[in-house]
Amino acid sequence: FCGLQKTDRGAATSCGWRGHPQLEKETGNREQSCSSLTEMNNSIKTSKYNFFTFLPLNLFEQFQRIANAYFLFLLILQLIPQISSLAWFTTVVPLVLVLAVSGVKDAIDDFVRSVFLTCTLELEQKWMNVQVGDIIKLENNNFVTADLLLLSSSEPHSLTLPWHAIIAITAKPPFLVTLGEIRCEAPNNKLDKFTGTLTLRGEKYALDNEKMLLRGCTIRNTEWCFGLVIYAGPDTKLMQNSGKTTFKRTSIDRLMNVLVLVIFAFLALMCLILAIGNGIWEHDKGYYFQVYLPWAEGVNSAPYSGFLMFWSYVIILNTVVPISLYVSVEIIRLGNSFYIDWDRKMYYPLNDTPAQARTTTLNEELGQIKYIFSDKTGTLTQNIMCFNKCSINGKSYGMLPNTEKVDFSYNPLADPKFAFYDHSLVEAVKLNDVPTHRFFRLLSLCHTVMPEEKKEGNLVYQAQSPDEGALVTAARNFGFVFRARTPETITVVEMGETKIYKLLAILDFNNVRKRMSVIVRSPEGDLTLYCKGADTILYELLHPSCNSLKEETTEHLNEFAGEGLRTLVVAYKSLEEDYFQDWIRRHHEASTALEGREDKLSELYEEIEKDLMLLGATAIEDKLQDGVPQTIETLAKANIKIWVLTGDKQETAMNIGYSCNLLNDDMEDVFVIEGSTSDDVLNELRNARKKMKPDSFPDSDEINIQFQKSSKNQIILPDEQANGMYGLVITGHSLAYALEGNMELELVRTACMCKVVICCRVTPLQKAQVVELVKKYKKAVTLAIGDGANDVSMIKTAHIGVGISGQEGMQAVLSSDFSFAQFRYLQRLLLVHGRWSYIRMCKFLKYFFYKNFAFTLVHFWYGFFSGFSAQTVYDEWFITLYNLVYTSLPVLGMSLFDQDVDDHWSMVFPQLYVPGQQNLYFNKVVFVKCMLQGVYSSLILFFIPYGAMYNTVRSDGKAIADYQSFALMAQTCLLIVVSVQIGLDTSYWTVVNQFFIWGSLSVYFAITFTMYSDGMYLIFTFFPGTARNTLSQPNVWLAIFLSITLCVLPVVGFRFLKAQLKPTPSDKVRRYLIEPEILLTMA
């Protein structure tokens, strides 16, 4: 093709082919000056590994975890004879198993990604062969290979639609394109923006987003088309938008990292104490034993012996830092995510959409949500738009009570599914009322809808938004049928007569303009600009002669918005030929400018879109989804605050708020923040806060004083209680001021005291800013839920992002952590799956830390009775198998199946959710309690067996007071105690739980008797016959029973008293299930 240049801050770098060298394309000859760009192929890689790199890369990633690196360090220490008193396999076996489990999981995930890409990218040619400057051919229903400039097509009304799969057939065109040059902007992630200029035969042509086919789109209504590759591979808009997503970590993850560091410090302290003890013992007592217990080679002093003992005890006491912690957490999260995927009660049969956990790392965070940020359209509502009412020339038309549906059978092209009940509007159309005809003519012309007509009269409209589709469908039924369009014309059948309008310009809609316009020439030669948009915007553009009509229309708009309808204002303007020709010339110059194009076009749009003549307004109904009011009411009882962030106007948003029980008449007040200046907004926010909390004044308030003394990034706002129930509504214009740095604290304090917050007329960026603001100042977990591309930034910003698969594509779902089809499923996701996952994870962590402290600290106490010589209490194989075999399955069983109450009662009593918000089930205090319980148990587990074995004889008079018998008794007591403890922690018993607990004990005794048998003496030489000799003695089992009783009885007593004196919400519900009168205490 021609030379392809990309501009970056005014600089252009040429590439491609100049003149006849383009013929060298197929041979691969290229200019050196542009090789960096043209040699950029179209291959993308989402898999992390290949056959050769998997092992080193995966091991490198896994050793980024401090626990894995720590155990590798221990393994190295164990290879030093002077330090290690344990066999190498006690660390190698657990470490290898943990690395293997994580590695297999990573390999499977990566293999699935690789297979998906392989099977979808290869047809006639691989996408990776496509390069910048290539001209490729695409056929109907093909997926677009790269970001292409459309050169030609078989149809003048071709259409691309977004899609998420990647399949295409690429081909080289058999012809040579005329020489020319393209200059365009550097690769970026703006999907709705492209700026470039095509110079062809000395003429310049503007290139914008409308002339681009983006990777990830599908060709429709087009037999074939040719496109020039502008961006390929990672430079495409799709890949620029799929950059690194922020890694989300749960609050429990962050807490675990802190606790692991605390445990490391505790381990170092214990090792230091024991090392000092060894140095003192060797200095005072060691010389007595030098004859038969000489120092190891190279050890020549007591201090040096203490130094070596420090590292020896690091090896022995390493189990206080559980190596299997992280892999166990991942398994638990994976299992709980499957429950979400398999939940039939979150399956939506109408579009065959199940719930999906798109991430497996955030399940327990669902049980701690305090703030929900929700979109309105398509999230709370169905996003199925119906033309409901309208105002034309000061007269309101719409739904009338007890009226039959209008019969549109007189119109052969009418949509049979369209329903309208005001017959007077049909009569106005039939009587050729000029404003009415102009109103519907505008609706049939001012849009970007594409029609599909598979058979005569069977029209299907493909619209970028449901609103546009509803308006065009309404015009169709009232006799103004949008039939076809090309880049230059729009064909409309007006009252049975086909008319072709010349489309001269489209003034695009965006979030700043909040309006769109078209300029058309009628068959009679009249030039007209048609415009539709938000009332707040269009009212400023009207001709002064429309003031009286504007007042009447405003009354109708308020009525429509009060009913929760979505409103738009429509207007027109007749243009003079001379003015338009001058304007279109300047428009062409601005559209081909490489710098400042958008600003220049915006100025031209403002110039021509003024002195408009008001036609009327439209009102579209978007019904609430089923179960939305009940869901919001239930979530409110769970102490979850809901903020609605919508682009709708204030009246519509507030009416929806009342419809879905967000706002109600029981509220003390609903504050409306709509100041037009920064000072006005600040005063409105302060006045609202003073009413909710009268003692909250700027000069004396402790939070304000703290805010002035500390950095903004350091302050965390506590929860402040209002003196009643309040709501707050703020417009996007006022929100822009409130989000400024000097006012954001005032906004978040005031808003967070309200039960409900509604932000209307907000942009996608403002949605993300609001979420970020709450995350910054509140120690709370946030959730954002939406269904459209404008919700993506909000979804990614929140701690948890939920996507609803609705009418606006899959962008929100693809960016989310969890997804489903209906808003009402959110209560089950949080109150059932989220709460269960949180409780299970907390129980797991408490038990996991307890059992490891109880296991490890026995070695610590033993050091004081063994000369601090780094000897272990337990058999080496027991140390190896304790966490991997004997205690792993019971805790996993509890963490995957346990539930304090079932799903039904979890929904009936949403108050059960509150402890998760307050981090009551696992925090630093709870960890200290687990640690103290572990210390207490370790004392019992050491001193009871020690005392029982001291100078003890068997029933036949032979002594059994040896190290092997003591070790066997201690480890048996330990395993039975932790098994009883897991039984006490389990609230919901299943066959699996029973099997895991009894099975683990059975496996322990089976392995113990087998390994310590006479027949295995040549393999396991340390404890021959110990199990048979020791466990056959009644006094041994009495000591085991005593140890279990002393370990468990205080726990049982404490829990009994706590349940009686300070019951948790779960305790109350369980008692209610037995004694229904307890229900009264739940209020």
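Heads up, the Cβ atoms here are built off N, Cα and C, so glycines get one too.
Per TrEMBL, the features are:
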{"type": "TRANSMEM", "residues": "86-104", "note": "transmembrane segment"}
{"type": "TRANSMEM", "residues": "258-281", "note": "transmembrane segment"}
{"type": "TRANSMEM", "residues": "301-327", "note": "transmembrane segment"}
{"type": "BINDING", "residues": "Asp375, Thr377, Asp787, Asp791", "note": "Mg(2+) binding site"}
{"type": "BINDING", "residues": "Asp375, Lys376, Thr377, Glu468, Phe509, Lys532, Arg566, Thr646, Gly647, Asp648, Arg761, Lys767, Asn790, Asp791", "note": "ATP binding site"}
{"type": "ACT_SITE", "residues": "Asp375", "note": "active site, 4-aspartylphosphate intermediate"}
{"type": "TRANSMEM", "residues": "847-865", "note": "transmembrane segment"}
{"type": "TRANSMEM", "residues": "877-897", "note": "transmembrane segment"}
{"type": "TRANSMEM", "residues": "926-946", "note": "transmembrane segment"}
{"type": "TRANSMEM", "residues": "966-984", "note": "transmembrane segment"}
{"type": "TRANSMEM", "residues": "996-1023", "note": "transmembrane segment"}
{"type": "TRANSMEM", "residues": "1035-1057", "note": "transmembrane segment"}
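Overlay of TrEMBL annotations on the structure.
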{"residue": "Asp375", "record": "Mg(2+) binding site", "DSSP class": "coil"}
{"residue": "Phe509", "record": "ATP binding site", "DSSP class": "coil"}
{"residue": "Arg566", "record": "ATP binding site", "DSSP class": "strand"}
{"residue": "Gly647", "record": "ATP binding site", "DSSP class": "coil"}
{"residue": "Arg761", "record": "ATP binding site", "DSSP class": "coil"}
{"residue": "Asp787", "record": "Mg(2+) binding site", "DSSP class": "coil"}
Rounded Cα-Cα span from Arg761 (ATP binding site) to Asp791 (Mg(2+) binding site), Å: 14
Cβ contacts under 8 Å made by the transmembrane segment (258-281) with residues that lie 6+ beyond its boundaries: 66-67, 70, 302-303, 305-307, 309-311, 313-314, 317-318, 320-321, 325, 849, 860, 863-864, 867-870, 924, 927, 931
Range from 301-327, 877-897, 926-946, 966-984, 996-1023 with most C-beta pairs under 8 A to the transmembrane segment (847-865): 926-946
Stretch of maximal Cβ-Cβ contact with the transmembrane segment (966-984) [cut-off: under 8 Å; candidates 301-327, 926-946, 996-1023, 1035-1057]: 1035-1057
Selection from 301-327, 877-897, 996-1023, 1035-1057, the stretch that has most Cβ pairs under 8 A to the transmembrane segment (926-946): 1035-1057
Closest-packing stretch to the transmembrane segment (996-1023), where packing means Cβ pairs under 8 Å, from 301-327, 877-897, 1035-1057: 877-897
Residue among binding-site residues Thr377, Asn790 with least C-beta crowding, 10 angstrom cut-off: Asn790
For Phe509 (ATP binding site), nearby residues of its own chain (Cβ under 8 Å, 6 or more apart in sequence): Arg515, Met516, Gly533
Which same-chain residues, if any, lie at least 6 apart from Arg566 (ATP binding site) yet have Cβ under 8 Å of it: Thr377, Met385, Asp467, Ala619, Ile620, Glu621, Asp622, Asp648, Thr652
Rounded Cα-Cα span from Gly647 (ATP binding site) to Asp375 (Mg(2+) binding site), Å: 9
Cα-Cα distance linking Gly647 (ATP binding site) and Asp787 (Mg(2+) binding site), given in Å to the nearest integer: 13
